[in-house]
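A.B. asks: Following this message is one structure expressed as structure tokens.
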Amino acid sequence: MTKERVIIIGSGIAGCTAALRLMQDYDVTIITKGHKEQSNSMLAQGGVAAAISKSDTPKKHFSDTFQAGCFHNKVRAVNQLVTCGPIVIQKLINEGMTFDEKDGELSLGLEGAHQLPRILHSGGDQTGKFLTTFLQEKLTKVNWQEQKMAIEIIKHDGRAIGVHCLDKENQLHTYYGEHIILASGGLGQLFPVTTNAATISGDGLALAYRADATLSDMEFIQFHPTLLFLNGRCHGLISEAVRGEGATLIRADGSAIMETVHPLADLAPRDVVAATLFEEIERGNQVFLDITKVAHFEKRFPAITTSLDEHQVPFRETKRIPVHPGAHFLMGGVRTDLNGKTNIPHLYAIGEVANTGVHGANRLASNSLLETLVFGEKVAEYIHTQKNNRIIAPENPPTYQTTMPHLPEKHILQEKIWETLGITRKPEKITEFLHWLETFDYANHTRETAEISHMIITSKLIAESALKRTESLGAHRILKGVTK
């Protein structure tokens, strides 16, 4: 009997986890915009948060997650995240995944807004790379389709049945399946300053929107406080774990920035730290990480050390790393239930593209990799319960616009988005931005036009959500009022 087909859009940890749990019983295809190594998961320097120590409990992890999320989280989703977390971690360890140890015990790090150390790492600051590679090497029964950019989710009789893609020569490819899983990541490349991979430009969010899926909480975008900043440009993430190991944020004169701002000082929630640094920079101050108190920095952070050396940062002499906030993570996204189901039958969303409700208004550090693992498992478990979903693929050409479209240049769009929807927002600027967006067309006949069109759709969704939430909450800071 022919196996049912599962199409997964995205090659990060969420998609690979789902693929691993489905490939024995389903015909699984993973479609990825770039090469399979290109994902935010591969870049993740932090770790995986899980309540696995004797002094920790899921209840404590639940509390920290809710407080960081400004109590905008969904209770059942957070409960699933923190209770399943230790289980999925142990499952991975049993399958051969190795996490860093100290004195024969799992080494647990501390990060912002966690009340105690609970962060597992692998390869120091290379957890995302090690975990993604571990999963991908196990995907022996998966059909990989690399450098295929999804441009449209195909629907028939109200259900998702496939996806249209363009290869790097802009040739059309169509894939049909009984189950379509969006695992395409977030939207960092909407901004000129971001930690995200070059391929992450909100494609999955725009595809879902055009397929009539419900999206929510799009105003909640986390800006990471510390990107390496040199000569007016950012060059990747400096992990929060560096502050967890004792680094402090300082001005050029050496004065501490965070100690009078929040009780947790340098380990305050990311929205607080990012906004504080943004204000410092707006006042003309340079911002640095002082790593004087970080023991064995180069051993603990090998990937960051390599990056600093490549960019000729004299950190060994100065004990300083120049930093700047940048777009990092979307808390909102395609609304799903606890199994990753969207409102469109047979369309699922997992990982950063999804809004499961676990993060609320601001994500707790290292909960993102945990989310990918837990919900990757959950969507696979659910699909295993669904039988006899066979579809007959209809003739369904993509909805091309073949006339010459009117679209902005990518860098101009990025700058506009940063000015309007960055760390601090103003209603009048958002309204002006929405009017500007209305002057452009939609097109998907080439990868370039599709990407810019997806960026326009996604930024419009963010702007509309930001206008509706008239008071600040978590990562959404709008200059009309503040909700504590």
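Glycine is no exception: its Cβ is also placed from the backbone N, Cα and C atoms.
The FAD binding site annotation in Swiss-Prot covers 11-14, K33, 40-47, D203, E352, 368-369 and rests on similarity to another entry. Annotated site 'Important in orienting the L-aspartate substrate' per Swiss-Prot: E111, in sequence order. Sequence annotations record features per position, and here Swiss-Prot assigns active site, proton donor/acceptor to R270 based on similarity to another entry.
If you look at the structure here, what lies around each of the features I listed?
C.D. replies: In this view, A14 (FAD binding site) is surrounded by 35 other Cβ atoms within 10 Å of its Cβ, with every protein chain counted.
Under the DSSP three-state reduction, E111 (site 'Important in orienting the L-aspartate substrate') is assigned to coil, being neither helix nor strand. Cβ-based neighbour count (10 Å, all protein chains) for E111 (site 'Important in orienting the L-aspartate substrate') stands at 24.
In the three-state DSSP reading, R270 (active site, proton donor/acceptor) counts as helix. Every protein chain shown contributes to the tally, and the Cβ of R270 (active site, proton donor/acceptor) ends up with 27 other Cβ atoms within 10 Å.
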A.B. asks: Of all the binding-site residues given, S11, S41, S368, which has the fewest Cβ neighbours within 10 Å once its own Cβ is left out?
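C.D. replies: Lowest Cβ count within 10 Å among the binding-site residues (S11, S41, S368) is S368.
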A.B. asks: Validating a neighbour-count step here. Other CB atoms within 10 A of the CB of A44 (FAD binding site): how many?
C.D. replies: 26
A.B. asks: Tell me which residues of the chain lie with their Cβ under 8 angstroms from that of G47 (FAD binding site), as long as they are six or more apart in sequence?
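C.D. replies: In sequence order, the residues whose Cβ lies under 8 Å from that of G47 (FAD binding site) (at least 6 apart) are G109, E111, I119, L120, H121, S122, T127, A241, S366, L369.
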A.B. asks: For S41 (FAD binding site) and R270 (active site, proton donor/acceptor), what Cα-Cα distance in Å is obtained after rounding to a whole number?
C.D. replies: 19
A.B. asks: Please classify the secondary structure at S41 (FAD binding site) using three-state DSSP.
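C.D. replies: Its secondary structure by DSSP: helix.
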A.B. asks: What is the separation, in Å, between the Cα atoms of S11 (FAD binding site) and R270 (active site, proton donor/acceptor)?
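C.D. replies: Cα to Cα, S11 (FAD binding site) and R270 (active site, proton donor/acceptor) are separated by 26 Å.
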